[in-house]
Every structure is written in structure tokens, then in C-alpha cells.
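Taken from TrEMBL, the feature Na(+) 1 binding site applies to GLY42, VAL45, SER279, ASN311, LEU376, ASP379, SER380. Residues annotated as Na(+) 2 binding site in TrEMBL: ALA44, ASN49. Feature annotation from TrEMBL assigns disulfide bond to CYS148-CYS158. According to TrEMBL, the feature transmembrane segment maps to 36-54, 66-87, 108-136, 198-217, 224-248, 268-293, 305-330, 364-389, 409-434, 454-479, 491-510.
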Amino acid sequence: AELDKMTPGSAEAMRLAKADPQSTESRELWGRRLEFVLASIGYAVGLGNVWRFPYLCYRSGGGAFLIPYLIMLFLCGIPLLFMEFTVGQYTRLGPVHALAKICPLFKGVGLATVVISYVLCTYYNVLMTWALYYLLHSFSPSLPWQSCNNTWNAVGNCSTGFPGNATHLQSASQQFFDHKVLEVTTGIEHAGGIRWELFGLLVLAWAIVYLCIFKGVKSTGKVVYFTATFPYFILFALLINNVQLPGAKDGILFFLMPNWSKLLEVQVWVNAAAQIFNSIGISFGSMISMASYNKFNNNILRDTFIVCLANSATSIVAGFVIFSAIGYMAHIHNLPVDDIATDGPGLVFVVYPEVFSTMPFSQLWAPLFFIMLLCLGLDSQFAMVEVAVTFIMDGFGKKILPIFKRKELIILAVCSFGFLLGIPHITRYCVLTVEILRLSIMVEKMLGKKPNLFFRVCWQFLSPMLVLGILISSIFQYTPARYGKSYTYPFWAEVVGWFISLVSIIWIPLGALHELWTTEGSMLQCLFLSLTQRLKKSITPTVDLESVSEKPSAESIVLFTAA
């Protein structure tokens, strides 16, 4: 009777929605819009903002690098994040099932995002383990990485400061990281057994992650009020402290001094685009998953600008914080800034601990800094684990819930398996395929108006071209992986690395081939006619249709397909 009262279009939409078992289930929602925004900012603002962007900016032309960085932000970052938010919020599904509904040939893309995110989170929590290790040791009467008088130091080549060009010397903080934290062996072929201290802290790190997400977005939404905001208090406190240190001005000038000739190098533009993709987290599936828990008519365009601008602003502030400290260290040891500046784990686990050992109130700054690292990492970790959980619940929830009884136990299983995959990272050795879709009808249904010309041009032309350029450049400029300046990984380790990369990428062609194989008709029919028919049947937003004022109709689905 209710269907008879509706317009033909909305009745058809309701019929299709009821035919989809996903849509009949009530999907949990963020408690408040602010929780979604904070969770998205927390995921985007991670360790890369602290240890990658400042060094990348300095190496790629200083202040001049901000030009390609901001161009890539507006041509790739903002449009593609808006696209991912649209896909997640409209379909109310995780990346695998959302992309399969939009285009059956893309179902492998969604699965690839789940795999790459889960592989990454098994390693990412190891970084949280290192941060916990440093945090606990920062409460010692004296910071253990500031002297060469410890059992783990190689006294003959240990320096209490940065050794500069003396290649036979290592700083005390470098030896603490290599010989105490990691206990590195001579190579990857000599695993050397498990670091049991790190093993226990890895358990603790995964326990923290589980306790923060085991109630789904209801618990995560409350945790991010702290984890997404606290790092800013520490960053600004460090900034105020660092700019007053002697030599800080020289470090900041090194960071910002523009080298305009760098803009003529293709690699600088590739670096800018790669930083945007990696920092915002585009094509990892996390943004789609988090947006799937929004209300159907949430203003995701506004949220997109907030998340992107907050992420970029944080990177620039972090650059001032890092290079003011590096300038201070260069002044203390009478070395050029270039000898101290570095990126990656070496920055936050070697250079910055050394900075604290010479700063006033080091016993205060060291714990706060590593708590900040934990918050930055945990926000990103929440989102990456959530991708896997959303995929399991969307695709297999009805089948496995009777076995596990509670969703909390499913999340526990996901975290436990991630912990097991992380164990190899605590032994003693130490993606840019993006879905480009036409989303005008989706955006119009959710926000009441179509996206403007800028977003349509970016989705259809500019973003795909830039992504393709990054991919080609990455292939031609590939160099073998190294650890430090001297150790090059053996060939078999390179092969393992390529295999891990292919574990995620291979699902894209496999998903498309499976769709072509299972769809009846010729190849052309599979690619065009079948795609149109299946889109018509499957693009129905899985929302509570009574909760929105304007219900998606079958006509809108046909218009989307025709577009």
C-alpha cells in the first residue's frame, strides 16, 4: 500500500532497495558530523606530515615547492577526496561493494584498497610500537640516547653529537635506535629472532587500537576528540619553543628558501602529487569507509575542504617545527643543516630524540612528542583497520555474525590477524590506482545540486592524466631499496617487496576479468551493454529512505547510466 502512494520512480527505488539485503539492515552512523570530520582529519594527518613533507619540501625547492604542492592539492587532492566521500556516503558501503555497485568492472579496485590498507596497517602499528618504546624510556632519569656510556653503544665509533662528515662515527641516538631498539643484524637474511620487548609493546599497541574501535564508529568517534586534536597542542607548543632556540632561523630559511629552478624538474611535480595522495589517503579505501557512516544528505563538499586544508596547513606547521629544531642542532654542532636534515623514521626516532637531549626541559618535551606521534599514528591506524572491518561486515556480516555472535569479536579477529602479520617486523632486521567516476547524479541527490564544472573536469580529465604521469614516472625512476647509506637489500628481498606490492594491485585486473567471464554476451556487450544494465539495477543508495527528504529514484539511476 505504501508503494502505491509513492511516485513511480521512488516506488521503483524502494523496490530495488528492498531487493538488496544490504539496505534492509540499519547501518550505524557517526554520533555527530564533527566526529566524522575529526576522524577524517586524524586519518589524513599522520606521521608523513611530520617526517616526510618537511624534508620533501626542503629537497624540492623550499618555498618554491609549495606552488606544485598547492596546484596538486586543488587539481587532485580536493576533487578526488570529494569523489571518495561521495561514493561512500551515497552507497553507504565500504570500498569493495560501493565500487562494485557503481561499476562492476571496478570491484577489483575496491578489493585492492582493502588489501593495501590492511597490509599497511600491519606495519604501521610497528611504528606505534617504536613510539611506545621511546615514550617509556623518555621517563628515565636521563634520556638513554644522549650518551655513549651504555651497554649497547659501540664506544669506538660513537659520537655524543652528530658526526657530520666523519663516516666512521655514529651519533648516540642512531646507536640507540639501531643497537637497542631494533638490534639490527648484518642483513635481512639474518633475522636474529624476535625482539621480545617490542613483541609485548606490539600487543599493547594492537590492544589500544582494538579498545578504540571495538564499538565501531560510536567508540572511534569519541576517541578522535582527543587523538585528532591533542597533536596540535604539542605542535604549536614545540613551534613556540623551537623558534626561540639559537640557529632556528637558519633552519627555517633552509626549509623555505625558494629554488625556482627546481620547478623545471618533473620529479618535483611528481613529489608534490605523491605527497598529496599519500598524505590525504586517497585510494586507500579509508575515506570511502568512513563516509559510508554519514547521513545521506551530509554536506561532504564542506567537509572535503576542511579535511584537505587542515592536512596541508598541518604539514606546513610541522615543517617549521622540524626545521627550527634542525637549525638549532646545526648551530650546536657547528654543522651545515644539510648534514642533519633527513626524512622517514630517522627523523623522529634519531634526529629529534637527539634534539631533546640538548633542549631545556628535555624530560618534558620528549614524552609529549612521542605521545603526539602515538596520536598521529593511531588515527590513521583506526581508519585502515576500519576498511577491513567494513568490507567483512558489508559482504559477509549475515554469514559470520551467527558464528562470532558479536561484531566486537569480528573486530578482535581482524586486529589479532594484523598483529600476527606484524611479528616479522619486530625481528632483528629491520598506490596510485584511482577510481575516476562520473558522480554528478549522486552529488545532486545528496546535496541538492550538481558539482560545478571544476570538479567534473578534474574527475574526467585532469586527475586521471596526473595519476598516469605519476605512475609512469615512478616506474622509470625506480631505484632499489636501501637501509641507511650503505646497506642494499639483496635481490630476493626486492622480489618479496614486488610480490607484496602485487598482492594488492593484482585484484584490479582479476576483478575485471571475473566480471567479464561471468557476464553473458560478447566482449563488447560485457563492456558496455551489461555495464549499463547492471548499473541500472545496482545503484540504489543503501540508506533509510524515510530519513531523507528526497528519495533517489530509478529515473535518476538511468540518467546516471546515460551520463
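Glycine is no exception: its Cβ is also placed from the backbone N, Cα and C atoms.
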Excluding GLY42, VAL45, SER279, ASN311, LEU376, ASP379, SER380, please set out which residues of the same chain place their CB within 8 Å of the center of the CB atoms of the Na(+) 1 site, keeping sequence order.
ILE41, TYR43, ALA44, GLY46, ASN49, ALA228, GLY281, THR314
Restricting to CB pairs under 8 Å, which listed stretch, 66-87, 198-217, 224-248, 305-330, is in contact most with the transmembrane segment (364-389)?
224-248
Return only the integer: C-alpha distance in Å from LEU376 (Na(+) 1 binding site) to ASN49 (Na(+) 2 binding site).
9
How big is the Cα-to-Cα gap, in Å, between ASN49 (Na(+) 2 binding site) and SER279 (Na(+) 1 binding site)?
7
Using a cut-off of under 8 Å between C-beta atoms, tell me which stretch among 36-54, 108-136, 198-217 contacts the transmembrane segment (268-293) the most.
36-54
Contact call for the transmembrane segment (224-248) against the transmembrane segment (66-87), three or more Cβ pairs under 8 Å:
no
Determine, to the nearest whole angstrom, how far the Cα atom of CYS158 (disulfide bond) is from the Cα atom of SER380 (Na(+) 1 binding site).
35
Could you state the CA-to-CA distance between SER279 (Na(+) 1 binding site) and CYS148 (disulfide bond) to the nearest Å?
36
